[in-house]
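The structure appears right after this line, and notes come after that.
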Amino acid sequence: MSSGTPYIGSKISLISKAQIRYEGILYTIDTENSTVALAKVRSFGTEDRPTDRPAPPREEVYEYIIFRGSDIKDITVCEPPKASHALSQDPAIVQSSLGSAASYQPSVPYSPFRGMPTYSQLAATSLLSQQYAASLGLAGFPSIPVRKSPMVEQAVQTGPLENQAQKKVQQAKGAPVGLRGVRQSGPQSQPAPLNVPPPAAPVLGTVNDENRRPPRRRSGNRRTRNRSRGQNRPTTVKENAIKFEGDFDFESANAQFNREELDKEFKDKLNFKDDKPEKAGEEKTDSGVETQNSDGNPEEDPLGPNTYYDRSKSFFDNISSEMKSRRTTWAEERKLNTETFGVSGRFLRGRSFRGGFRGGRGSAAPRRNQTTQRAGTGRV
């Protein structure tokens, strides 16, 4: 080095074994780990020095870089530390810093590199010994991984100095209220943690949920009103509905019926005998007297075959007539109608009476009957 004593806060020009020159403010020298820390560092590249890997200069300014002592080739003091108005020699004072030099500091928002003090604070601590710096934690830096280099251990990259002022102004405008008044009271590498308020996204989410709740309540009220109107409606459930795939084919259906077989079947049921017709008084096959049960079997004649009228057995007589011989029973007529016209449709109940008296949508017939009954009893 050009001088025998290192100056904390002075501007240092450092050349590494890779022939790359760095300029920055001397921050601290760690004798135990053999490292040198520079603040506000800028790389000027190899600058025509002989090397296998030439590097161009860079415009980025790093907050600090810790260099390994074994990889440093040369160190030169460019500028001595700036003079600061030190206090009187008082053994009670351990460390001090000027607030006027850091006037821009209150507007700076929270930064992950807040542990690195400013240049003015470095100048104020130029007379501190290495023991005081170690006891106050000045030699500790947050471990931030950067690109590998044989002489650079840690580095913090920031933007160019021209863009930093604009970014600070923009961040100061958009910074939270609780963070605008934060300022650093000394070069401490590990300051007290800040009580940062939680992000406003969950709060906005809860506000949106509260704004959405009234429409849900309205929808619930609408449902209750609809239920009160139609709660007495009879539910019509269709059981075993018959599905027709196509139109009915009358020709194929008529082809299945044989007229002669049907006539023969009806004659057998009615006990008609074409060959030997019975007498008028002995006609046993009177369909009017003979009735069929639900199974279609003819019941026995309550009167005798030769008894025309018996008062004790039946009110009806057994006198044959042309109308009685042609008349069929209800079971046969129902079967004949089913074969001719098909299955009749089901009667759906409850269609004309909707809602009853509570819903107010019922038919007018029950109300008319109610008014007539009240008029008859004399009630109003």
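Cβ coordinates are placed from backbone N, Cα and C, and glycine is handled just like the others.
Check Swiss-Prot against the ranges 178-198, 325-345 and you find motif 'TFG box' recorded for 325-345. Looking at 69-85, 290-306, 307-323, the stretch flagged in Swiss-Prot as motif 'FFD box' turns out to be 307-323. DSSP assignment over the domain 'DFDF' (236-272) gives 19 helix, 0 strand, 18 coil. Under DSSP, residues within the domain 'Sm' (1-81) fall into helix, strand and coil as 3 helix, 41 strand, 37 coil.
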